[in-house]
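Feature annotations, courtesy of Swiss-Prot:
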type	residues	note
ACT_SITE	HIS48	active site, proton acceptor
BINDING	GLU152, ASP178	divalent metal cation binding site
SITE	ARG73	site 'Transition state stabilizer'
SITE	ASP87	site 'Increases basicity of active site His'
Amino acid sequence: MDLPVNRFKQRLRSGEAQIGLWLGLADPYCAELAANAGFDWLLLDGEHAPNDLRSLLGQLQALAPYPGQPVIRPVQGDTALIKQLLDIGAQTLLVPMVDSAAQAEGLVRAVRYPPAGVRGVGSALARASRWNSVAEYLNHADEQMCLLVQVENLEGLANLDAIAAVEGVDGVFIGPADLSAAMGHRGNPGHPEVQAAIEDAIHRIRTAGKAAGILSADETLARRYLELGCAFVAVGVDTSLLMRSLRELAGRFKGGAPAPSASSSVYG
């Protein structure tokens, strides 16, 4: 059996833009439905959605037959948690709240086997190796790992150039929701000051030769980020899409205008 090729990483290197969807429903059936819609990548959120290791495993299994590539965001950049996520088959991670080059370097080590890193060796127990059915898994697994780091506060912005320069970081994702809050514009990522910071960050990431990514459910902003050269852009969130559709349907039959969404334009 051959090691699965990380097509998300391949396309990042080619410079081809990839369109994604954020998944927070934490359910394999819902994840498969989203995959069937045709997105290039699907973010399985372990930071703000009620996911655990088993629910993420189920979603990875549900997505496996589809071309859309799974990206997992863990709750934090914990080495032991990263080891577990890689063992269940994750090949691309988006790690939140990365503030320094030293932190990014530690994450690079966490996704690699020794001697290049510190990932624990337990491939006989791991879905990633198909329980040691993938030939030469230990010798080639590192090649398919894709590490995305999320910069989303003022410290991270200040250290962005150093973070993007870290070897082994494949892409840098700008987190508009937390960044706007850190800049004093909580809930308003469309504020001109926030947008100026985001556009500058995208330019700096691309200048460093790394892929830039972002999430925005605002179509105008999402298209703007693509024009600026973002390589991976999530353009919606499953919970927001479902909530909006349900409110609209209820409103049509029960009368009255649908209740407005309390979410920022980041999530829809």
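Backbone N, Cα and C define each Cβ position, glycine as well.
Shown here: features listed in Swiss-Prot, placed on the structure.
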{"residue": "HIS48", "record": "active site, proton acceptor", "Cβ within 10 Å": "14"}
{"residue": "ARG73", "record": "site 'Transition state stabilizer'", "Cβ within 10 Å": "25"}
{"residue": "ASP87", "record": "site 'Increases basicity of active site His'", "Cβ within 10 Å": "19"}
{"residue": "GLU152", "record": "divalent metal cation binding site", "Cβ within 10 Å": "21"}
{"residue": "ASP178", "record": "divalent metal cation binding site", "Cβ within 10 Å": "19"}
Q | Three-state secondary structure, which DSSP defines for ASP178 (divalent metal cation binding site) | A | helix
Q.
What does the structure give for the C-alpha distance between GLU152 (divalent metal cation binding site) and ARG73 (site 'Transition state stabilizer')? Integer Å is fine.
A. 14
**Q.** DSSP three-state assignment (helix, strand or coil) for ARG73 (site 'Transition state stabilizer')
**A.** strand
